[in-house]
Ligand code: GLA
Ligand code: ZN
């Protein structure tokens with residue numbers, strides 16, 4: 001594993017700091033544009049994302065291109081030492097295009113074509129949309145591909161959604177033909193004999209529709225896979241059209257927390273991962289639960305390419321689209337921005353630089369408010385962060401030394417939620433994954449979020465919560481991982497279906513049965529108020545005692561070689577195994593048969609990670625709500641201590657020698673962190689260079 005990556009752009013070797021910049025909204029007022037540059041420098045910004053949604057300003061009429069404003073913009077930025085991620089404008093198209101070529105507009109699942117409007121409202125298959133996109137992209141690349149200000153391509157904006165037009169139906173059928181080869185194979189994979197759904201001609205296959213088919217789970221799953229594949233194909237088409245001029249420019253596409261696209265597959269066509277993070281800070285006094293889930297997404301996006309990512313968007317103050325939009329309390333801007341860096345981001349960027357005067361985002365937080373000057377709390381917070389990022393730029397390219405991984409597959413997520421199983425009122429897959437991740441986060445354990453097709457090498461612990469969709473190959477890979485000395489944690493509702501959403505026959509958890517040493521016979525959902533419990537057996541290897549509350553999901557399992565560590569406390573389940581350990585080869589595989597709460601997960605992972613030899617950021621116990629994470633180049637470790645608890649905290653350091661990065665002073669044993677406080681320390685690395 002590389003511990004030191006090259007900077008994202010050789011032109012800009014420091015941490016990136018900047019914003020989405022939309023000067024095309026202000027072209028009528030040149031003074032604003034001049035003032036912007038003065039303020040950017042004052043805020044310590046070194047990069048802007050430009051041209052997102054600029055199609056109407058770049059091609060106001062079909063074939064008429066107006067690049068002068070972009071020429072001036074890029075020259076002005078360059079003259080002032082500011083770089084640019086240049087966007088392709090396909091996130092929204094000009095009205096003339098929708099009017100002349102209605103096929104570019106998206107058709108919803110009800111088969112009604114949208115009118116012009118909004119954004120992200122286009123068909124990824126439409127030949128016209130593809131042609132128009134590649135034309136404008138090529139022109140941008142020819143004109144700016146070698147511009148000294150340009151550091152890379154920002155492809156479109158937040159790809160997402162699906163289109164059900166005739167072009168897309170044909171493309172879907174072609175995709176299915178390539179996948180299955182024959183209708184027979186497709187009918188078997190989708191179990192279509194059920195309800196007489198057998199297809200006798202490819203043309204009978206339609207994408208899922210509210211007034212048509214929604215109950216063939218294999219169809220639903222393949223449609224989602226197709227949508228990912230088609231969106232990637234469109235993205236690749238965009239990249240190809242900008243690439244030719246200067247192949248060395250990296251391409252990114254800003255992602256967000258959407259479920260609809262398998263970003264792991266998406267990452268294959270991108271050079272850099274970037275994402276947009278908008279947490280609702282301060283919903284509660286204690287922000288730690290939210291901070292842990294944000295950490296999960298930073299970990300996920302970093303893991304997609306196993307190298308530093310970019311925080312492409314965040315708000316410097318509030319959003320205007322959340323149910324309640326709260327301002328960032330003092331300290332939170334620094335804390336939340338450095339949290340991204342702590343988890344592997346080499347940039348902190350915002351939406352947007354200057355607040356729009358009108359339209360839907362006029363009240364969304366921005367670096368420059370409608371007041372138009374730097375004398376605002378938000379601007380000062382941003383400028384302060386700019387100084388910090390500049391000061392800590394040696395962190396660029398350093399790695400996150402994760403020895404633990406959580407398995408989180410998009411197709412598992414889709415299939416599990418579509419399964420019509422034991423708890424349709426809330427199967428809570430994501431919540432469960434976050435809960436396991438949070439238990440690790442609370443102990444300062446670095447975690448990668450990986451897919452079952454990724455390599456398992458180098459991990460000591462793999463956590464696979466609710467691995468409902470489990471391919472035979474995944475089962476074999478996990479078995480090998482355990483046999484070779486790894487520790488696996490798995491839970492109820494795992495190993496249930498294969499990649500087509502067909503149940504594994506012969507006993508659950510299917511391909512994991514041998515590794516876990518159990519047979520899961522039955523599963524049920526519980527109502528919100530129902531409870532069962534886990535009673536730890538005396539002298540269990542984990543050293544845990546007492547009982548823990550169980551809720552929502554209970555599975556009845558039999559051991560087949562596994563050792564029982566704890567049993568159910570209630571109902572006819574009493575005395576039956578609820579927590580087991582199977583020793584296989586050199587490793588261990590734990591099975592948690594019922595949903596347990598945070599108290600159990602904390603105690604469980606404290607012991608399991610210690611036993612598995614997983615490193616923690618600090619060897620001391622972290623106070624509630626304090627996160628500790630490490631970036632390292634194998635020589636120096638950078639330790640981030642972050643207080644999300646809403647209370648002042650004291651963090652005890654371990655025996656190693658620490659230096660405060662802000663002051664350069666060596667740090668003694670205890671560090672005080674105010675509310676929303678963050679401290680960055682250096683120490684000699686405890687990790688090897690590779
Ligand atoms: C998304 C978009 C931006 C903007 C922000 C507002 O991330 O990419 O254009 O709308 O949301 O939060
Ligand atoms: Zn379409």
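Including glycine, each Cβ sits where the backbone N, Cα and C put it.
Remember, TrEMBL labels are computer predictions, not curated facts.
Per TrEMBL, the features are:
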ACT_SITE  158  active site, proton donor
ACT_SITE  313  active site, nucleophile
BINDING   119, 157, 321  substrate binding site
BINDING   123, 163, 165, 168  Zn(2+) binding site
DOMAIN    20-391  domain 'Glycoside hydrolase family 42 N-terminal'
DOMAIN    402-614  domain 'Beta-galactosidase trimerisation'
DOMAIN    625-682  domain 'Beta-galactosidase C-terminal'
Cα separation, residue 321 (substrate binding site) to residue 168 (Zn(2+) binding site) (Å, whole number):
31
Under a three-state reading of DSSP, tell me whether residue 168 (Zn(2+) binding site) is helix, strand or coil.
helix
Reported as an integer number of Å, what is the Cα distance between residue 163 (Zn(2+) binding site) and residue 321 (substrate binding site)?
24
Neighbour-count leader, CB within 10 A, binding-site residues: 123, 165, 168:
123
Within the set 119, 123, 158, 163, 168, 313, which recorded positions show a CB-to-ligand 1 distance under 6 A?
158, 313
Counting across all protein chains shown, how many other Cβ atoms sit within 10 Å of the Cβ of residue 119 (substrate binding site)?
15
I'd like to know which of the recorded positions 157, 158, 163, 321 has the most other Cβ atoms within 10 Å of its Cβ.
163
What is the set of residues, excluding 119, 157, 321, whose C-beta falls within 8 angstroms of the centroid of the C-beta atoms at the substrate site?
91, 120, 158
For the residue listed as 'active site, nucleophile' and residue 158 (active site, proton donor), what Cα-Cα distance in Å is obtained after rounding to a whole number?
11
Neighbourhood of ligand 2 - recorded positions from 119, 123, 157, 158, 321 with Cβ under 6 Å:
123
Around the C-beta of the residue listed as 'active site, nucleophile', how many further C-beta atoms are within 10 angstroms, looking at every protein chain?
22
Which three-state DSSP class does residue 313 (active site, nucleophile) fall into?
strand
So around the Zn(2+) site, 123, 163, 165, 168 aside, which residues have their CB within 8 A of the centroid of those CB atoms?
106, 107, 124, 125, 126, 162, 164, 166, 167
Residue among recorded positions 119, 158, 321 with Cα closest to the Cα of residue 165 (Zn(2+) binding site):
119
Integer Å distance between the CA atoms belonging to residue 123 (Zn(2+) binding site) and residue 157 (substrate binding site):
14
Have a look at the binding-site residues 119, 123, 321 and say which one has the shortest Cα distance to residue 158 (active site, proton donor).
119
How long is the line from the C-alpha of residue 123 (Zn(2+) binding site) to the C-alpha of residue 321 (substrate binding site), rounded to the nearest angstrom?
25
